[in-house]
Amino acid sequence: MSVLMIIGTVGLMFGSGGSALIAKFMGMKEDKKARKVFSQLTYTLVILSIIICILGYLFMPNILHMLGANGVMFDEALVYGKISLLGMTFFILQYYFQALMITAGHPTLNFMVTIGAGITNMVLDYVFIVLFGWGVSGAALATISGQFLGGMIPIAYFAFNRKGTLYLGQAAAQLSNLWQTCLNGASELMTNLSQSLIGILFNWQLLRLAGEDGVASYGVLMYVSMIFGAFFYGYSIGIALVISYKYGANDKKQLHELYTRSIWIVLIISLGMFALAEILAPALSDLFTGYDQGLYEMTLEGFYIFSFAFLAFGISVFGSAFFTALNNGPISALISFVRTVIFQVIFILILPQFLGIIGIWLSVPAAELFAALMTCYLFKKYEGKYGYGSFFGSARRSESRL
């Protein structure tokens, strides 16, 4: 499944990176250019995703052997993987359009398509697995059915609805658009790819120090952090499109207001998430691990320590989205890479050597703190370049434009 998710991140990279570039052109009142770039990215992604799916289908057995699958696990994974790859083009497009539909001004349709795809998957899971007894094949068919819905509806909408600013038509020919899109979306790609590495390191340390119970506790914390973190990701993705538009329009005053208000909002949400996590720690730990007293106590201890990560988490998430919105992909990718790879790897390898399992729980808050400090430094460094001004000051005239 992780291999398939990695393939899907190509759509996420094109979607997040492309939305920043397209919104910038829309802010510059170059709607025709924005439309051509949108068409170029969409056509390119369709072709690229088909090529990826064909290669993945052909080399799936080799990939599974490389990952150590054998016996029954290999057979079932091969069936699931090959069926899933038949619908992978639509999965990639679903990721892609989740950002672009918001840029096009259709957040409600985007929400309905996402919910519809999820419900389709769940309903068909029950039909194919429980009623028809198709097992792994049924699960894969249910998955690609939801993905087909999530990818096909948006592409059909933009192909036939020509009332808005963005729709499919003549494509731009400049390769620089593709390059800028990949640069802009590199941070989102990096964030998703790095999760596999970090997960392996955490599981290795937890198995070494706490056994299977440690891995179970980590799973609970990751599940909860995904829910809490969705607030930061949701706000950052939504506001990034507005920032790109104002940046393209060269509206420094609005850019400054968006920047300062966003920082305040992120700080307030951070405090709220931290307080909520600390208060709900016993209840959530009991919900997931109440069947085992030892596991419950380990999870609760980890919860109380891990929750401090929410105090700094939002700053770096917003910072990465902010620089993506300003079409500075390298800085955005740097924030994501340092936050999700460098700092977490350093702390997960070092802290447990001195603090045991407490060091494992503490590694994420420590990594988030250092990532937030670095993000604040980058905010300060580039405030003159982009003209969004100081957090405590006013907007400044930009020195140059990318």
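Even glycines carry a Cβ here, placed using N, Cα and C.
Summarising the annotation, TrEMBL assigns transmembrane segment to 6-25, 37-59, 79-97, 109-134, 140-160, 181-202, 222-243, 263-284, 304-326, 333-351, 357-379.
Proximity of the transmembrane segment (222-243) to the transmembrane segment (109-134) is not established, fewer than 3 Cβ-Cβ distances being under 8 Å for residue pairs spaced 6 or more apart. If you look at the transmembrane segment (79-97), the same-chain residues 6 or more away from its ends with a CB under 8 A from one of its CBs are 3-4, 7-12, 14-15, 18, 41-42, 45-46, 49-50, 52-53, 56-57, 60, 63-64, 110, 113, 117, 136-137, 139-141, 143-145, 147-148, 150-152, 154-155.
Between the transmembrane segment (304-326) and the transmembrane segment (6-25) there are at least 3 Cβ pairs closer than 8 Å, counting only pairs 6 or more residues apart in sequence, which means the two stretches are in contact. Residues 220, 224, 228, 231-232, 235, 300, 303-304, 306-308, 310-315, 318, 391 of the same chain lie 6+ residues outside the transmembrane segment (263-284) yet bring a C-beta within less than 8 angstroms of a C-beta in it. Panel annotation: around the transmembrane segment (181-202), residues 2, 5-6, 9-10, 12-18, 20-21, 41, 218, 222, 320, 323-324, 327, 329-330, 332-333, 335-337, 340-341, 344-345, 348-349, 360 of the same chain, lying at least six beyond its termini, place a Cβ under 8 Å from a Cβ of the stretch.
Cβ atoms under 8 Å from those of the transmembrane segment (140-160) belong to residues 38, 42, 46, 79-80, 83-84, 86-94, 97, 100-101, 104, 106, 109-110, 113-114, 116-125, 127-129, 134, 166-168 of the same chain, restricted to positions at least 6 beyond its ends.
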